[in-house]
Amino acid sequence: MKPPRKLHIKSYGCQMNVYDAQRMVDTLAGEGFVETESADDADLVILNTCHIREKASEKVYSELGRLRVAKDEAARNGREMRIAVAGCVAQAEGEEIIRRAPTVDVVVGPQSYHHLPQLLARAKSEGRALETEFPVEDKFSFLPQPKPAAIRARGISAFVTVQEGCDKFCTFCVVPYTRGAEVSRPVAKIVDDVKRLADNGVREITLIGQNVNAYHGEGPDGRTWPLGKLLHRLAEIEGIARLRYSTSHPRDVEDSLIAAHRDLAGLMPFVHLPVQSGSDRILAAMNRKHTADDYRRVIDRFRTARQDIAFSSDFIVGFPGETEGEFAATLALVMQIGYAAAYSFKYSPRPGTPAADMRETVSAAEMDERLVRLQELIDSQQSAFNRAMIGNTVDVLFERAARNPGQIVGRTAYLQPAHVFASPDIIGQVLPVRIESRERYSLLGELASAPPQAGQSTPSTMMTGA
Ligand code: 5AD
Ligand code: SF4
């Protein structure tokens, strides 16, 4: 029997890439590849890239520089190392990558991962680098059946793609170009995936999509189901204690999604809802198609449905033409909403997007200064949110042994890591924890009650139906 070949995948960017990496592992397992931790001893290294901002994109080329050295070293030792570039940079730059980095053997975009084995074989037999030339087809036709063993290794919390692509065309964003138009998977396939994951010990599912709440998949009744209805269905699956979804667009928040937050205790009260800016003029220039007040109203609808709900968001500072007053409107919005967490970025022009042609740029110094001010505000909100947990008893889903011996780590509803001293038996359970203190990024606490015996469920592990 041939020894297994070693595969190393390095993913950048969003959760979709993390999920896609697993799909590539599953596809290549059929070719005798097993995953390895280190790129240096791999037979195949895949860089699963991100094109969202210039910095993310440029990382690929510096990493390829390092890999060239490792590849040469492997060749000197009589070993072949092959290098593939996948993800959104592959989709956007294609052949340009092979031109800039001749060390690359294969370039493959997100819509073609199921062709990876053939592409690798062809590149080898033809003795030249290849870029995928397969047409974009049914994006989800290739989903390999996850292998139970692979799923088990994924632990307590898993991602499931329900939707891919984006039709929104925000003027700064490459996603509609790299990931294509919105496509939703049928409900039955998602239910099957979630059941299989639950059978393998997964307790938490995060539904992912570039525009997840634009989900409109075919239901078993032949009708189109929105995300809220899908969540109601998934909440019925035994073993699944928690549901989440990401990333949402403020324009696509339907009443059924609000109803899901009202009705489903297992749907976590933590929503990532990017707004990008608090200025209506900038929002219009970004083609967001909502105003700051529209966003405030969406937040209010969520809060009315579930009082303990918290939000995170994304912001861009220094969009072309952004004045100090317009930036102040962003600060005002952040003050008013109060976030549990948020990501903020300096605007980065992306080739091919409409904003890249806008001439009124904001100086680098101004951008830096605005980013610092925004991040300080967000940090203070995040700290206050975490501090408010101290003294409370909150449900934690335990995921794994922590680095500190004797400690087990899990997550609260708001994704805060929470550590307790306990036996590893609690992994996979949702248990109440009294929070005693916090460190910069995590909470420390004590189990509030003795863990239940195996096979017994507590009220906090059960989902309430509609
Ligand atoms: N420049 C800066 N930030 C960007 N984002 C997307 N495109 C750009 C860009 N060109 C940010 C947005 C988005 C997040 C994933 O990345 O805030 O929500
Ligand atoms: Fe990009 Fe806008 Fe689509 Fe989000 S909604 S992926 S920012 S185009």
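Placed from the backbone N, Cα and C atoms, the Cβ positions cover glycine too.
TrEMBL: automatically predicted annotations, no manual curation.
Annotated domain 'MTTase N-terminal' per TrEMBL: 5-125, in sequence order. According to TrEMBL, the [4Fe-4S] cluster 1 binding site annotation covers Cys14, Cys50, Cys88. TrEMBL lists 152-387 with the feature domain 'Radical SAM core'. Under the heading [4Fe-4S] cluster 2 binding site, TrEMBL lists Cys166, Cys170, Cys173. Residues annotated as domain 'TRAM' in TrEMBL: 387-449. Summarising the annotation, TrEMBL assigns region 'Disordered' to 447-466. The compositional bias 'Polar residues' annotation in TrEMBL covers 454-466.
Structure with TrEMBL features highlighted.
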residue : record                          : contacts (Cβ under 8 Å, 6+ apart)
Cys14   : [4Fe-4S] cluster 1 binding site : Cys50, Ile52, Gln210, Thr247
Cys88   : [4Fe-4S] cluster 1 binding site : Gly13, Thr49, Cys50, His51, Ile52, Gly109, Pro110, Val174, Val175, Thr178, Arg179
Cys166  : [4Fe-4S] cluster 2 binding site : Cys173, Val175, Pro176, Arg179, Ala181, Glu182, Gln210, Asn211, Ala214
Cys170  : [4Fe-4S] cluster 2 binding site : Gln276, Met286, Asn287, Arg288
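Under 6 Å, Cβ to nearest atom of ligand 1: this is the test, and of the binding-site residues Cys14, Cys50, Cys88, Cys166, Cys170, Cys173 it is passed by Cys173. Checking the binding-site residues Cys14, Cys50, Cys170, Cys173 for a CB within less than 6 Å of any atom of ligand 2 leaves Cys170, Cys173, listed in sequence order. Mapped onto DSSP helix, strand and coil, the domain 'MTTase N-terminal' (5-125) counts 67 helix, 23 strand, 31 coil. Residues Lys168, Phe169, Phe172, Val174, Val175, Pro176, Gln210 surround the recorded [4Fe-4S] cluster 2 site, their Cβ atoms falling within 8 Å of the Cβ centroid of Cys166, Cys170, Cys173, which are themselves excluded. Report note: the [4Fe-4S] cluster 1 site is defined by Cys14, Cys50, Cys88, and the residues of the same chain whose CB lies within 8 Å of the CB centroid of those residues, excluding them, are Tyr12, Gly13, Met16, Asn17, Thr49, His51, Ile52, Ala56, Gly87, Thr178. Within 10 Å of the Cβ of Cys173 ([4Fe-4S] cluster 2 binding site) there are 21 other Cβ atoms, across all protein chains. Per DSSP, the domain 'TRAM' (387-449) is made up of 4 helix, 33 strand, 26 coil.
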